[in-house]
Amino acid sequence: MPPDGWNGAIPSSRPGTVAEPSHGPDTTPPRGVSISSDPTDRPPSGGPSADGVPAAPDPGPGGVPSAADQPPVAAEPADGLPPAGADGAGVPLAGLHVEEAPAADRSGAQPAGDQGEPADGHHDEPDDHHAAGVSLVAKVRAVLRVRDFRKLWLSMSLSSFGDWLGLLAITATATSLVDGFAGQNYALGAVLLFRLLPAILLGPLAGAFADRFDRRKTMVVSDVLRFALFASIPIVDELVWLFVAQFLIEAISLFWIPAKEAAVPNMLRKDQLEPANQLSLVTTYGFTPVLAALVFAVLTTVGDRLGTTVPSLDESKLSLYLNALTFLVAAVVIWNLPSISGRRAAGTQVTGESFLHSLRAGFSFAGHTPLVRGLVVGITGAFVAAGVVIATGQAFASSVGGGEAAYGLLFGAVFIGLGLGISLGPSIARDLSRERLFGVAIVGAGVGVGLLAWTFTLWIALLLVVVMGFFAGIAYLAGFTLLGTEVDDALRGRTFALVQSLVRASLIVSLAVVPFGVGLLGRTSVDVGSVELAVTGERVMLFVAGLLAVAVGVLAYRQMDDGRPVPLVADVVTALRRDTTARRRLAGGGVFIAFEGGEGAGKSTQTRRLQEWLTEEGLVARTTREPGGTPLGAKIRAIVLDPASAGLSPRSEALLYAADRAQHVHDVLRPALDAGEVVITDRFVDSSLAYQGAGRTIPMDDVRSISRWATQGLQPDLTVLLDLPPEVGLARARGRAAADRLESESLEFHQRVRGTFRALAEAQPDRYLVLDARRSPDELAAAIRTRVSDLLQGLPLQQLPQHARVPRTRRHGDHVVQTGSTPQLHP
Ligand SMILES: Nc1ncnc2c1ncn2[C@@H]1O[C@H](COP(=O)(O)OP(=O)(O)OP(=O)(O)O)[C@@H](O)[C@H]1O
Ligand SMILES: Cc1cn([C@H]2C[C@H](O)[C@@H](COP(=O)(O)O)O2)c(=O)[nH]c1=O
């Protein structure tokens, strides 16, 4: 039976999914129109002159500012990007690979070792997996730096530890209070029953109550009552009171859990909720049960000795007192966290909806919303299967020849698997939609159980149990995260409560029914060739549980599938391989390439050259830009770049760029990608993160949120970052035209911009090509062509009709001669 922290599910922001075209297959006629960037349409001059750019520190090789020049880095945010207001140049760049500048450019540069890179100068790009792992640690550390959350998490962990310890102690107490094998088993069953029963009877009521109380008071009162009840069990020392106390403790916990769930999102930023969720679940299922088992073992030794001096004290009683104490400590901690109180304390009115009506609304919502229905079916079915695994565990363990020790190992293996699934699952399956992940993970767990049923070797069984736990952990996190993100706050308490009740009911039913099934089926053996196969009740039940999990996984998947035309297997395989291009291809789309970089880095030059080359190769390729890729965007561009718009507030500026982007995605990018074109944009979302986020010091998450909203999740397949020290780029840009409003910003502003571009590239090395923009235009164009030709290999992109193609012989006479290596495309 899971302890208090069991559904530590915290509403969380959904990890970014790979953009899927919003339209169906290509119906758009081929386009060959190029919207080229025109540097002459800048707003009229009027800003500060090009002079006065302060001398910049030596940027080091490849333009990387040396550590000594970097200003102090502010508190590290969850996403590893510079916090708002921090100088992006201070972000560690160890994993960034910048294609090197020509030798002449590097003279006098500092050794690579100064940048924290390997002394041999070899830039090892961290693989994506590693980057994801590091970023999870960073995210968790950032979450734990939030003082109130840290305190709540510590108190939750303490309660969870106490609860596991209490479970061990109560089961030991129950069996010690009765005599005989049958009596002891009945007592054990009754303890579990009394622990599970309240949720079935009171769960939905507790859910409806959840939003009507001051959360802090609810939690403190619950913890104090649980302290008193746990402490009373060893004092009263009666079996009947143990059952009553169990029932009351569970009933009280039902009020504590939703209060806690509602409190956490108020303490953290939205993007911090998923790592907080992972942390809570790993603590509850990975760490505290192991610690509780160890402490119980220690107390058993101490209790034996104590028992000789204080006869009424044994390890179970000691554990129960300790458990009681954890709740008292938690009560004190929570009492000192006023931020938990929530909206009641803030004076917000609760709707006048009747209690009964709100209960009915909760049920109706769960029954009529396909996604929630799928989640409820999946979670319930998975817990029925889990109940079967628990109920057959002892018999199965002895059948693989390990007895009690094997049971302990198998029990531990479940938690190892759960811990791995919860902590690693989201990063492994980062690109897969959570709806699909949920169904797939339940099926995976079911297959694990089905195979386990026919395993006769302990180590294979242990391996399969870890696999089963791994998938179950992923499903659990995905399911509860989806409940948190997809269910409106007003209904969330009731939905969670309903799921809680169903989970417990499933466990009860399977724990009650399975032993009968096992007994009824008995033990037989089947001859398979020369081998005699033992077909026992517990193995058959396990196999049935596996089949059931597979069935509910498929059912949940069908309920929750968003109807995308991408076949599941290909979706899973490409998501695991992080193959975003293949994912877009699966969805029948084109290829999206973004150019990013500071002022004067050469983006317009290179977007144009790339488009010309692709067109020569017979592909439909277009260039576009932000801001100003649409007629409406051109007006926005005029406003944002006009030095006369001096009073524009940072937020207005961010929204104007987002508005330009929304129109751009809607009018240009999506249709062109849906038509299978190669779309090359001069700037995209990264520019907003760099300029409005780091430059204007707007919180990165706010910029990311409005950008995601504006783009509906569209991401480039490749971003070419032309990296250049800002003083070089500004000089180039100012040599071309008078400085616009952004170019007129300070050098520090532009250094923050540069640092953020680099940090973004570092976070996803597979999706970026970082080039030293001090290289010649020809060298840059050649490096870009090489990378782009790799990206486009084998893709069924839209091609120019024969009559529109430029014969190779004429091309070089008419257009820019593409020098350097020019790979051949085979579209
Ligand atoms: N690799 C290069 N080396 C030197 N000069 C370059 C290089 N690439 C472009 N330039 C020159 O630098 C200036 C800016 O180039 P371009 O307009 O392509 O940059 P940009 O990144 O689009 O600038 P902005 O962001 O300010 O629009 C132009 O005068 C261009 O000729
Ligand atoms: C997309 C985008 C752009 N900017 C800034 C960056 C530049 O200073 C100008 C655009 O000028 P360019 O000549 O086209 O490079 O706008 C920004 O601040 N935020 C953005 O999202």
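Backbone N, Cα and C atoms are what each Cβ position is placed from, and that goes for glycine too.
Keep in mind that TrEMBL annotations are predicted by a computer and have not been checked by a curator.
Note that the structure is predicted; figures quoted are calculated from it, not measured.
Quick look at what TrEMBL annotates:
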type     : residues                                                       : note
REGION   : 1-91                                                           : region 'Disordered'
COMPBIAS : 43-55                                                          : compositional bias 'Low complexity'
COMPBIAS : 64-91                                                          : compositional bias 'Low complexity'
REGION   : 103-129                                                        : region 'Disordered'
COMPBIAS : 119-129                                                        : compositional bias 'Basic and acidic residues'
TRANSMEM : 152-174                                                        : transmembrane segment
TRANSMEM : 186-206                                                        : transmembrane segment
TRANSMEM : 279-300                                                        : transmembrane segment
TRANSMEM : 320-337                                                        : transmembrane segment
TRANSMEM : 371-393                                                        : transmembrane segment
TRANSMEM : 405-425                                                        : transmembrane segment
TRANSMEM : 437-454                                                        : transmembrane segment
TRANSMEM : 460-483                                                        : transmembrane segment
TRANSMEM : 495-520                                                        : transmembrane segment
TRANSMEM : 540-557                                                        : transmembrane segment
DOMAIN   : 595-784                                                        : domain 'Thymidylate kinase-like'
BINDING  : Gly597, Gly598, Glu599, Gly600, Ala601, Gly602, Lys603, Ser604 : ATP binding site
REGION   : 800-827                                                        : region 'Disordered'
COMPBIAS : 818-827                                                        : compositional bias 'Polar residues'
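Shown here: features listed in TrEMBL, placed on the structure.
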residue: Gly597; record: ATP binding site; CB count, 10 Å: 27
residue: Gly598; record: ATP binding site; CB count, 10 Å: 29
residue: Glu599; record: ATP binding site; CB count, 10 Å: 23
residue: Gly600; record: ATP binding site; CB count, 10 Å: 22
residue: Ala601; record: ATP binding site; CB count, 10 Å: 27
residue: Gly602; record: ATP binding site; CB count, 10 Å: 22
residue: Lys603; record: ATP binding site; CB count, 10 Å: 26
residue: Ser604; record: ATP binding site; CB count, 10 Å: 19
Close approaches to the transmembrane segment (279-300) from elsewhere in its chain (Cβ under 8 angstroms; 6 or more beyond its ends): 2-3, 5-6, 8-10, 140, 143-144, 153, 156-157, 160-161, 163-165, 167-169, 315, 318-319, 322, 412, 415-416, 418-419, 422-423, 473, 476-477
CB contact flag for the transmembrane segment (320-337) and the transmembrane segment (152-174), at least three pairs under 8 A: yes
Any contact, the transmembrane segment (405-425) to the transmembrane segment (540-557), with at least 3 Cβ pairs under 8 A: no
Among 186-206, 437-454, 460-483, 495-520, stretch most in contact with the transmembrane segment (371-393) (C-beta, under 8 angstroms): 495-520
Seg_contact(the transmembrane segment (495-520), the transmembrane segment (186-206)) with at least 3 CB pairs under 8 angstroms, min sep 6: yes
Remote residues contacting the transmembrane segment (540-557) - C-beta distance under 8 A, at least 6 residues beyond either end: 374-375, 377-378, 380-382, 384-385, 388-389, 391-392, 396, 435-436, 438-454, 475, 510, 514, 517-518, 521, 568
Residues close to ATP site centre defined by Gly597, Gly598, Glu599, Gly600, Ala601, Gly602, Lys603, Ser604, Cβ within 8 Å: Leu722, Leu724, Gly729, Arg732, Ala733, Ala773
Integer average pLDDT (0 to 100) for the domain 'Thymidylate kinase-like' (595-784): 94
Gly597 (ATP binding site) in three-state DSSP notation: strand
Filtered binding-site residues, from Gly598, Gly600, Ala601, Gly602, Lys603, whose Cβ is under 6 Å from an atom of ligand 1: Gly600, Ala601, Gly602, Lys603
